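The feature transit peptide is assigned by Swiss-Prot to 1-10, with sequence analysis given as support. If you look up Swiss-Prot, you'll see Lys73 marked as N6-(pyridoxal phosphate)lysine. What Swiss-Prot records for Asn104, Gly208, Ser209, Gly210, Gly211, Thr212, Ser296 is pyridoxal 5'-phosphate binding site.
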Amino acid sequence: MASLLRRRFYSSESSFAQRLRDLPKYLPGTNIKTQVSQLIGKTPLVYLNKVSEGCGAYIAVKQEMMQPTSSIKDRPAFAMINDAEKKGLITPGKTTLIEPTSGNMGISMAFMAAMKGYKMILTMPSYTSLERRVTMRAFGADLVTTDPTKGMGGTIKKAYDLLESTPNAYMLQQFSNPANTQAHFETTGPEIWEDTQGNVDIFVMGIGSGGTVSGVGQYLKSKNPNVKIYGIEPTESNVLNGGNPGPHEITGNGVGFKPDILDMDVMEEVLMVSSEESVNMARELALKEGLMVGISSGANTVAALRLANRPENKGKLIVTIHPSFGERYLSSVLYEDIRKEAQNMQPVSVD
């Protein structure tokens, strides 16, 4: 009897295991994504209302906070890693990815590395926010912070030093990788064109690696050569306007040099926006529009408002981007006063 029960038990167990193996990996006919990278893209455009009162033009802003890691950098990170894999340059589980970053690109790369199975080493200036560092570490990336006085140049140099000393290492090189620009030519640009039904007149965007303004600009120009494209750089680090690199608070913009992938010919002009203007506008967007965004989003909005107030742009549709979510900036200058206020709050008595 005992022998018979054992046979039945193991037979039942074997049958159950076999049924599990026979299950399809995904349920057919469902609208369920098979992996989180499929959530990248298709972010919405929304009109500005209160901050744009009195302007002669319409301003619509693409909300990249809706990406998996709350920033636009998910697009090029996904594109560059996939491109390198297709070319046989990197292999999950074998290659160590090394990349210099000011924050958001590093987070997106750490996210992709975790999903695909790469070891990730990121170099970044030590002035970047605590939230960025914690988020990168949460995705398993190793961080190396560099001297803030050396800017992104110092961060890039350290990344190359690590590249030489690390076995099986590879750098995707966001500042010179054509896949960065191509990501925006193939996704961001077409999304803007489709959502505006081809009615976009002006696109304005801050310049970091240059991938977004170049890719979107090239796509929109291919659809309508009359679309005007404008770039933005920090007033304090206006190298594209012939000035000198310098410290500023617009994280992700104004890297202090002209990136290789930046298409200067696609732009009408590179506007200059100060850190103070950018910070103040980012705060105003939260209070007046309910849009909690980062400092570069503030810069993009300031520039869009300037263009909207030019007489020749009356009645036109201006599109810009809010590249990242404001919660990533809680420890930065953006919310310094509120942070101190919150830290000093005292509990009230409850009867």
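Cβ coordinates come from backbone N, Cα and C, glycine included.
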Whose Cβ, among the binding-site residues Gly208, Gly210, Gly211, has more other Cβ atoms within 10 Å than any of the rest? Gly211
Gly210 (pyridoxal 5'-phosphate binding site) - helix vs strand vs coil (DSSP): coil
Cβ-Cβ distance under 8 Å, sequence separation of 6 or more, same chain as Ser209 (pyridoxal 5'-phosphate binding site); the residues meeting this, in order, are Pro76, Met105, Gln174, Phe175, Asn180, Val255, Pro259, Ile261, Leu262
Rounded Cα distance in angstrom between Asn104 (pyridoxal 5'-phosphate binding site) and the residue listed as 'N6-(pyridoxal phosphate)lysine' is 6
How big is the Cα-to-Cα gap, in Å, between Gly210 (pyridoxal 5'-phosphate binding site) and the residue listed as 'N6-(pyridoxal phosphate)lysine'? 12
Quick one: pull the CA-CA distance for Gly211 (pyridoxal 5'-phosphate binding site) versus Lys73 (N6-(pyridoxal phosphate)lysine), whole Å only. 10
Does DSSP give Ser296 (pyridoxal 5'-phosphate binding site) helix, strand or coil? helix
Whole-number Å distance separating the Cα atoms of Gly208 (pyridoxal 5'-phosphate binding site) and Lys73 (N6-(pyridoxal phosphate)lysine) is 11
Could you measure between Lys73 (N6-(pyridoxal phosphate)lysine) and Thr212 (pyridoxal 5'-phosphate binding site) for me? Cα positions, answer in whole angstrom. 9
Look up Asn104 (pyridoxal 5'-phosphate binding site) in the DSSP assignment and reduce it to helix, strand or coil. helix
Looking at pyridoxal 5'-phosphate and its recorded binding residues Asn104, Gly208, Ser209, Gly210, Gly211, Thr212, Ser296, figure out the farthest C-alpha pair and report it in angstrom, whole number. 15
Excluding Asn104, Gly208, Ser209, Gly210, Gly211, Thr212, Ser296, which residues of the same chain place their Cβ within 8 Å of the centroid of the Cβ atoms of the recorded pyridoxal 5'-phosphate site? Ile72, Lys73, Pro76, Met105, Gly206, Ile207, Val213, Gly252, Asn253, Pro323
Restricting to the same chain and to sequence separations of six or more, state which residues have a Cβ under 8 Å from that of Ser296 (pyridoxal 5'-phosphate binding site). Gly206, Gly208, Ile250, Thr251, Gly252, Asn253, Ser278, Pro323, Ser324
Intrachain C-beta neighbours of Thr212 (pyridoxal 5'-phosphate binding site), sequence separation six or more, cut-off 8 angstroms: Ile72, His184, Thr188, Met205, Ile321, Pro323
